[in-house]
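A.B. asks: A single structure is presented below for examination.
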Amino acid sequence: MSEDSSALPWSINRDDYELQEVIGSGATAVVQAAYCAPKKERVAIKRINLEKCQTSMDELLKEIQAMSQCHHPNIVSYYTSFVVKDELWLVMKLLSGGSVLDIIKHIVAKGEHKSGVLDEPTIATILREVLEGLEYLHKNGQIHRDVKAGNILLGEDGSVQIADFGVSAFLATGGDITRNKVRKTFVGTPCWMAPEVMEQVRGYDFKADIWSFGITAIELATGAAPYHKYPPMKVLMLTLQNDPPSLETGVQDKEMLKKYGKSFRKMISLCLQKDPEKRPTAAELLRHKFFQKAKNKEFLQEKILQRAPTISERSKKVRRVPGSSGRLHKTEDGGWEWSDDEFDEESEEGRAAISQLRSPRVKDSLSSSELFAAAEPMGTLLQVPEQISAHLPQPAGQMPTQPAQVSLLPPAEPAKPAQAQSSGERSQETKIPISLVLRLRNSKKELNDIRFEFTPGRDTAEGVSQELISAGLVDGRDLVIVAANLQKIVEEPQSNRSVTFKLASGVEGSDIPDDGKLIGFAQLSIS
């Protein structure tokens, strides 16, 4: 008599899983549907590249252990995990309804969003279930860290579950749960990120999820997060410097928002308060008047799932291709290729498979870097001189006549013969470097001028800022604010030749912030 498959433990053997369509991809991983033969069940497998993270295996195991102990109807069930080559595979329950983001995209594509994407009862029903899941996580000392429509999944019965909890977000932070350290890169878009997470001054708590929840509420009504049109550094700057966003932020056609009432808007504003202590808890939000409009899962099944895209419609089939990388590759037509060790390229079978199945690959820069954790920013070729010539330091209370000079200009490169230059190299020459000077006080309260160049198209604001921090010239806590203001200048150098901004590192002791004397402030200018 054969053993009941449901009683079997989940396999940690890669060969027991038949990988199928790609159902999601992002900066940190690829999610594929798969069939587990021993269990006779379809699952979702999230494949995360371990080479790209800075997390020890001990820390990973602790986080996986926490995930395995989470049992709640509004949290996606975690089954098991194991390592395949340089990837961590997380095996989870497959929810065939897809994500709420899939639903949003489907509605927008059909042009059915002119009076708002989802109506209030639908939003209330989905978000009430999300809050139930968040309340459970928060009570158990967990922070989700990535609440958004793309991580809210729907079952075919109308059930709502939060996905992407735990290891994937943990990996994205390099295992630094409280973010007391400085992250080297931002993974993905910061559109849903709370201000206190961006600032990286202190650790953050579960109230960061409440901010993301408020942004998600806007996303469900308008179809996108408020600052979705802007590049990441601009989003950081707008979030930190502007008043909190509202339902209207970034929406051109205000007519689409008319049907949303006061209780919905009030609920959003409660979540989007810059002071995390003023935000309600998940339990408090569940008692908010807006959630009286919530219905049951049968309502979602009828209202949403019957007109939602099927799993095959929203997925990309994977073509099997001989090779040795053991990785997925995105092709120019938007499909995916899986390269593994199954075929010998020298064999007749291998050559036949290559000729039939191989598609044109996207450029090297778009292959694995698109699928897995964001790589370190491209170097900016900034060189820190071994000896820094500095003038006499000035006391904090006085404006110096000549601040200390720090040169970060790149060394001159030998000229190439004209005939040896390619058209690509010639086009790079048209990118004129912008010479900048960052004036701020060092740890001894002495005023320094840090001179450097930024080449559009080659450098990134975050990459340059990170180099300034690595060189010990800028406090690590000021990464975000320096990068955001650098981005502001290089985007519009004609109108933003000089900006003065408050530093996240603040002032020490009895010092009083002063933007004129640059105490607790910095000035970035085009020189």
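Glycine residues also receive a Cβ, built from the backbone N, Cα and C atoms like all the rest.
So Swiss-Prot says this about it:
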- Asp146: active site, proton acceptor (ACT_SITE)
- Ile23, Gly24, Ser25, Gly26, Ala27, Thr28, Ala29, Val30, Val31, Lys46: ATP binding site (BINDING)
- 17-291: domain 'Protein kinase' (DOMAIN)
- Ser324: phosphoserine (MOD_RES)
- Ser325: phosphoserine (MOD_RES)
- Ser339: phosphoserine (MOD_RES)
- Ser347: phosphoserine (MOD_RES)
- Ser359: phosphoserine (MOD_RES)
- Ser427: phosphoserine (MOD_RES)
- 313-356: region 'Disordered' (REGION)
- 392-429: region 'Disordered' (REGION)
A.B. asks: Looking only at C-alpha atoms, tell me how far Ser25 (ATP binding site) is from Asp146 (active site, proton acceptor), rounded to the nearest Å.
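C.D. replies: That separation, Cα to Cα, works out to 15 Å.
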A.B. asks: Rounded to the nearest Å, what's the C-alpha distance separating Ile23 (ATP binding site) and Asp146 (active site, proton acceptor)? Just drop the number here, would you?
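C.D. replies: The Cα atom of Ile23 (ATP binding site) is 18 Å away from the Cα atom of Asp146 (active site, proton acceptor).
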A.B. asks: For Val31 (ATP binding site) and Asp146 (active site, proton acceptor), what Cα-Cα distance in Å is obtained after rounding to a whole number?
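C.D. replies: Given the Cα positions, Val31 (ATP binding site) is 16 Å from Asp146 (active site, proton acceptor).
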A.B. asks: Three-state secondary structure of Ser25 (ATP binding site) from DSSP?
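C.D. replies: It is in a strand.
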A.B. asks: May I ask you to report the DSSP-based helix, strand or coil state of the residue listed as 'active site, proton acceptor'?
C.D. replies: coil
